[in-house]
Structure formats: C-alpha cells, structure tokens
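**Q** Dropping a structure here in structure tokens format, bear with me for questions.
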Amino acid sequence: MIQFKDSYKHYGANGREVTALQPLNLEIRAGEVFGIIGHSGAGKSTMLRMINRLEEPSGGHLLINGQDITVLDRMGLRALRRQIGMIFQHFNLLSSYTVAGNVAFPLKLTGASDAKINARVAELLAWVGLEAHANTYPAQLSGGQKQRVGIARALATRPQILLCDEVTSALDPQTTSTVLQLLARINRELGLTIVLITHEMDVIRRICDRVAVLDTGRLVEIGLVTDVFLHPQHPTTRSFVMETEHIDTSALDQDFALVKGRIVRLTFIGTDTYLPLLGRVARETGVDYNILSGRIDRIKETPYGQLTVALSGGDPVAAQAAFAAAGIHIEELRA
C-alpha cells in the first residue's frame, strides 16, 4: 500500500548538507499496524511525515496504492491528505474550538453540509467515548481525552491511512493503554492502515504487526514484531528490547558467576508458552535446571515466554536438541 523506493531526505544547515533519512526501501501493507522505532534524531518523524508530504522527500519515489505522491500537484496533494489522518504527540487541538468544533474542522474544509458534519461528529464522538464532552473546550480535558479528540478528528474524513506521531509519549501508563486499545480497535473494526512512530518498544510490542528500526537515518532492522522483539539482530534493536525487559546485564553476569553448567535462554511462542516442556525435557535427558530469570507476556495477541536457565548434569546437549525438536528457540549464553 505504501512503498518507499530509494526515498531519502537531506537538509541544508550552515552551508552543509545533513542527511535525515538515507535511501529507504520498504513496503507497508494495507490493513497492518506498522511501527517505526528509533532514538531521537533517528529519522522516524521525517519518514512518517513524508507519507503525507508534510516533509518533502529530497529524492526517490513514494507510492501509495501505486500512485507516486512525489509528483502530485497542489490539488492532487489535497485529495491525498483527505485519505490520510494524522494524530500528534501534543494533540494540536484548536483551543478556541469546542471538542465538536475540533472534530468538525477538517470536514468544513471539504465543503460538507452542516447536516453531514453534525452527523459525522456525533458518530465519532460516540465512537471515542466523548459524546458527553461535545461542547467542552480542550483546556478542560485530560491528556487522554485530548488525544481521543485528536483521534476522532483524524478519522473525520474517513481516511485509509492513520499516521501516529509519538501519540502516547505525553500520557501516563493507564491512559497509554486506553489509547492503544482504541487504535487497535480502529485497525480491527475500520480496517485502517496505521503507521506509528515511537521510542518505546513496549508500544510496538502491544499494538504493531511489523516494525522497522531506524538508527541515525538508516533502516537497520525490519520484520514481524515477534521476530524482531524476541530475536533482535542489530545492537540498536537489542538495546530497545533490553530497556523494555528491564534487563540488568551486570546483575545477570553476577548470577552467571554463581552457577555451574551450560546457560541458555529459551523462548516459547504461542500455546507452547503454557506447556510443561522444561520439566519433561529434564526428565527425559536427566539434566538439572536452575531458572535464573523468566517472564511470560504477550506480543499483541500472541503469548510468549522466555526463561534463562542453567543446565547441569545428565546430557545438556541432548536437552538442547529436545528443546529444538519441540520448536523452542534456544540461545546459548554460556557453553
């Protein structure tokens, strides 16, 4: 649906050229929730804003439904933007307009009749749970309510694509969960393609189908969230995962020094997460196991579990083979 073909962005600064986004090639599929993660300055906002040409690409091509948007004239660009909604980090609401007025604003720009605007606004406010606040002004709302107004406004013109620019970074954890649940519902029930940027891997884990990792303007990793989250390849990705998992590597090293045997990390995905595989393999191979750390959680709707265990006695090699035969991913941390 959205294709970046050698798309890049350069800026001029103090007489020299700065690369914000190096030539990028990737495709975002229709109907998916696609996450873009990176540290500040990685190029994720630039990439997101190129999709509706709030940032003009310096070169390459950017296709939406097969149409190269880099060659659109003003009228074509206006039509394109009606198909793309956008939600902002700091809400960007009009302070002098009521909640209903903010949601109605993009519809007024299309020239829709008052009757159609009023009906659509009422529908959207009910959808995001703000029908009781139609005549309230933004200053009277909480952060989560403001973001729900922003979401309703972004949906006003019935877009096909929803761009989310750090939409949870200004929210508390409980409100973040509410907003992510609303976005998941939008994707599920309305079928919108959602492109979301964040610096929080936990947001990616909870809502996205696939993720791209950017580092200083370069795409360094891309794939299904289950693959990227559980088996990160690039150092930048690994650092995001470790921050999310709250892994203290120095503490782990101390734990490793206190135990004997082969140390492995086992990753279980799906229904395997709830099976007693560790005990079964221990009985079959005669190994003793010592659990050093572990967790069970979900990546979107998919359950997963990770255990770091020390294997000793019996036949550790046979134990690893048995885990592999059961479809469990094994990472050897110490032989």
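Just so you know, glycine gets a Cβ as well, placed from its N, Cα and C.
Sequence annotations record features per position, and here Swiss-Prot assigns domain 'ABC transporter' to 2-241. As annotated by Swiss-Prot, ATP binding site applies to Gly38, His39, Ser40, Gly41, Ala42, Gly43, Lys44, Ser45.
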**Q** Taking the centroid of the Cβ atoms of Gly38, His39, Ser40, Gly41, Ala42, Gly43, Lys44, Ser45 as the ATP site, which other residues of that chain lie with their Cβ within 8 Å of it, listed in sequence order?
**A** His199, Leu214
**Q** As a test of reading the model: what is the averaged pLDDT for the domain 'ABC transporter' (2-241)?
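**A** Here the mean pLDDT over the domain 'ABC transporter' (2-241) amounts to 94.
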**Q** Looking only at His39, Lys44, the binding-site residues on record, which one has the least crowded Cβ, with the fewest other Cβ atoms within 10 Å?
**A** His39
**Q** Other than its own, how many Cβ atoms are within 10 Å of the Cβ belonging to Gly43 (ATP binding site)?
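**A** Its Cβ has 24 other Cβ atoms within 10 Å.
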**Q** Tally every other Cβ atom lying within 10 Å of the Cβ atom of Gly41 (ATP binding site).
**A** 13
**Q** Which Cβ among the binding-site residues (Ser40, Ser45) has the fewest C-beta neighbours inside 10 Å?
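**A** Fewest other Cβ atoms within 10 Å, among the binding-site residues Ser40, Ser45, is found for Ser40.
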**Q** Can you tell me how many other Cβ atoms are located within 10 Å of the Cβ belonging to Ala42 (ATP binding site)?
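**A** So the number of other Cβ atoms within 10 Å of Ala42 (ATP binding site) is 24.
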**Q** Three-state secondary structure of Ala42 (ATP binding site) from DSSP?
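**A** The three-state answer is coil.
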**Q** Please list, in sequence order, the residues in the chain of Gly38 (ATP binding site) that are at least six apart in sequence and whose C-beta is under 8 Å away from its C-beta.
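**A** Those within reach of Gly38 (ATP binding site), by Cβ under 8 Å and sequence separation of 6 or more, are Lys44, Ile197, His199, Val213, Leu214, Asp215, Thr236.
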